[in-house]
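Visitor: Quick paste from TrEMBL:
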DOMAIN    10-237  domain 'Class II aldolase/adducin N-terminal'
ACT_SITE  115  active site
BINDING   139, 141, 210  Zn(2+) binding site
Ligand code: 2HA
Ligand code: ZN
């Protein structure tokens, strides 16, 4: 099978373009990774031309030998759909989970996303927590969530509760809540460790004054999660722009009733009295 015709590659390209069309990827902002299934890697391996092994910058032993499709460092989401072979790459990890090599893509040179340590550490946490079900990690520069990180306290409790209140579907779409990482230097191991700690509990982590990470089983669920959180943030920004307080909202008891009927568990730490 031709690499670019494979369904998982097409799904990856479509998701990158959807994110671009949402306005979440100015210049080279944001990055996307997908943990490739063994049969998918097998189906395109005729086109592999492995490069040099290089250090990941962190260690992900549980991911040894896995393949990932990832966006390239400095590459633009805007270009993924027109020149995927220049914008994205497939990488293979060595058995120790310390090194990677490019096996396809980035034909004009370059490296995987600068946030590779965060992507891989999040993948490792999610793979272990879900018995392998989660395969997608997505980082986007979502303007409304970023705006809120300047005016809301940077706690998991406040962000989760405020975003839950803005749209009834939210507690059903992200029942475990949202984690918040205070401002940190991006690109390195420290922010990767902080983010992957939060990913043990949540599917969404906000990076203050920077953007968001979302994790999920497939492209639809992960894009949909990012979209839902950002839309809820947009409603909150609109509401706060009209007036600083609410005349009415969804109450803690309303959330408990919703949880019962929709068969989700909502942690009580988010249902505090205000
Ligand atoms: O430029 O989004 O966090 C890519 C990024 C870095
Ligand atoms: Zn970023």
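Residue numbers in this text run from 1 along the chain shown.
Each Cβ is built from the backbone N, Cα and C atoms, and glycine gets one as well.
Note: TrEMBL annotation is automatic and uncurated.
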Visitor: I'd like the number of other C-beta atoms within 10 A of the C-beta of residue 141 (Zn(2+) binding site), please.
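Guide: I get 18 for this one.
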Visitor: Counting other CB atoms within 10 A of each CB, which of the binding-site residues 139, 210 comes out lowest?
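Guide: Checked 139, 210; of these binding-site residues, fewest Cβ neighbours within 10 Å: 210.
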Visitor: Cα-Cα, whole number of Å: residue 141 (Zn(2+) binding site) versus residue 115 (active site)?
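Guide: For residue 141 (Zn(2+) binding site) versus residue 115 (active site), the Cα atoms are 13 Å apart.
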Visitor: Tell me the Cα distance separating residue 115 (active site) from residue 210 (Zn(2+) binding site), rounded to the nearest angstrom.
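Guide: Pair distance, Cα basis, whole Å: 13 Å.
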Visitor: List the same-chain residues at least 6 positions away in sequence whose Cβ sits under 8 Å from the Cβ of residue 115 (active site), in sequence order, or say none.
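Guide: Residues satisfying the criterion: 31, 139, 186, 187, 192.
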Visitor: Once the DSSP letters are reduced so that anything not helix or strand counts as coil, what is residue 139 (Zn(2+) binding site)?
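Guide: It is in a strand.
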Visitor: Starting from the Zn(2+) site formed by 139, 141, 210, give every other residue of that chain whose CB sits within 8 Å of the mean position of their CB atoms, in sequence order.
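Guide: My list of surrounding residues reads 29, 30, 140, 142, 146, 186, 207, 211, 212, 213.
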